[in-house]
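Only one structure is covered here, and it is reproduced in the block below.
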Amino acid sequence: MQCITSATVADLFDIAATRRIEQAAAAALPHHTLMQRAGLAVARLAMAVAPHARTIWIACGPGNNGGDGFEAAAQLQHRGFLPIVTFAGDEDRLPPDARASLQRARDAGVIFAPEPPATWDLAIDALLGIGATRPLANAMADWLRQMHAMASPVLSVDVPSGLNADTGASSATPHPGALSPRFCLTFLTLKPGLFTAKGRDAAGTVWFDDLGCSGTAESPAARLAGAPADAPRSHASHKGNYGDVAVIGGAPGMAGAALLAGSAALHAGAGRVFVGLLDPDAAAVDLAQPELMLRDAKALDLSGMTAVCGCGGGADIRAVLPRVLATAAALVLDADALNAIANDGALQAQLASRARRGRPTVITPHPLEAARLLNCTAADVQADRLAAARQLASRYGVVAVLKGSGTVIAGDGSTPPVLNLTGNARLATAGTGDVLAGMIGAALATQRPAFEAAREAVWRHGHIADTWPAGAPPLTAGALARQAPC
Ligand SMILES: NC(=O)C1=CN([C@@H]2O[C@H](COP(=O)(O)OP(=O)(O)OC[C@H]3O[C@@H](n4cnc5c(N)ncnc54)[C@H](OP(=O)(O)O)[C@@H]3O)[C@@H](O)[C@H]2O)[C@@H](O)CC1
Ligand SMILES: Nc1ncnc2c1ncn2[C@@H]1O[C@H](COP(=O)(O)OP(=O)(O)O)[C@@H](O)[C@H]1O
Ligand SMILES: [K+]
């Protein structure tokens, strides 16, 4: 059993591949072995997360996910705990493995009750797993609500019930004020939906057990990014080795966004950072950051530079985009640059032509910006973030960084998209996206492949938020930029 952290590198498999892996594993093992292993693993994790628990409420559903719950109940009963099972299903329609486990729970003396106990020390959600086909209703929906409303921990079996294991979309996410600490023990494969969209909130800390069935020829749907390796600087290196970044943005009233991106690029280790402000009345120097070289955006020669374009760009960014798209050696497109491109077929064609000219481009949309680029709604994007990132990457010939909880990074399709596990809601404050754009710019400026540059910068950006001390002042975008590690 393995606890998944932001440093974990692992393949993620969709439901279809998981089903094939499960079938192959089941065929190679004696009848009922997988469910017995799954139930035992649930019982072990339950004892680890709630060692002093007495009453353990196990809510079991109508399929094999419920079977895992019956099996866990039997194991916990044998170990002296008090599991109480509520079953929302029809015994006559249980799949054979689940029926066998139901019998084992009865034989062990487990209590079956029509309603949840009055209180519990741990709740185990074994209602639905990868077989969920529609939103939860009736008793199952009610039980899930009750679990999440209590302060006792919730352990989800395989997948939090109601969560789409492929996409992270959910009809049953705990409401924001939900109290319970959450854990999820997933079997055979790690599933992408646990790590993006609603998945992070629903699953909590994810644990993985391969049930003794490692190794598969199935293609992963995505990967967990893992932590980037440290890249020590050679002693004899000089600023030319770390590249020039030119931030272009900062229309009247929005200079701060461009300066934040510049600060992030600087602290992330770029050799030189220029900031081309679109505001004609902008100051000639930022006295708080004198290292930044402030220029007129139109005067910058981008042919040897990594441009970071769009932060605080407003409508004025449209006028400079044709030249930026044509001349920047490498490019990060953010915010208003993406909005301008979404509305302009000529700019879209120009963007797509960069890949053909071997000029790397990274785009960093949040879900609404992604929706504009894909001509759909933000809800459509959130309904399948992996698919949306893949579409952005292939339609525009770019590395697409789809931001938000479980940021997705998709490239040219030669490798699966990556899901990043660092970051938290401390980043939900204005300007943190500008900082990310600057950090990616600095990574790109060192000539690293665009996919790797984006992956590393996204990980580091989120890691700053994850390691921000609990008692420290709130994380602002300016502080985030100053923490940007090389
Ligand atoms: N077999 C094995 O060896 C192993 C299996 N494993 C475990 O099995 C799980 C997959 O099991 P599964 O395929 O039975 O799917 P599961 O998630 O239990 O649900 C299917 C049932 O729910 C029903 N249903 C669906 N949605 C519903 C809704 N909203 N409201 C009400 N009902 C709904 C659906 O009915 P139907 O849609 O047909 O009406 C069907 O009856 C997997 O996640 C893992 O935990 C592990 O132990 C490893 C070994
Ligand atoms: N809950 C969260 N979990 C992880 N990352 C988050 C979360 N909320 C925000 N972020 C990150 O913060 C950044 C916000 O970017 P963006 O929405 O463009 O903000 P802004 O335009 O204000 O700079 C993105 O990198 C996003 O992934
Ligand atoms: K479940």
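Just so you know, glycine gets a Cβ as well, placed from its N, Cα and C.
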Per TrEMBL, Asn65, Ser161 bind K(+); matching candidate in Asp97, Asp121, Asp125, Asp201: Asp125
Site-mate of Lys403, Gly404, Ser405, Gly406, Thr407 for AMP in TrEMBL, selected among Gly431, Gly433, Gly438: Gly433
Counting Cβ atoms within 10 Å across all protein chains shown, which of the binding-site residues His366, Lys403 comes out on top? Lys403
For Ser405 (AMP binding site), name the DSSP secondary structure in the helix/strand/coil scheme. coil
Listed binding-site residues Asn64, Ile130, Gly404, Ser405, Thr407, Gly433; those within 10 A of Ser161 (K(+) binding site), CA to CA, turn out to be Ile130
Helix, strand or coil for Ser161 (K(+) binding site)? Use DSSP. coil
Around the Cβ of Gly406 (AMP binding site), other Cβ atoms found within 10 Å total 23
For Ile130 ((6S)-NADPHX binding site), the three-state class that DSSP assigns: coil
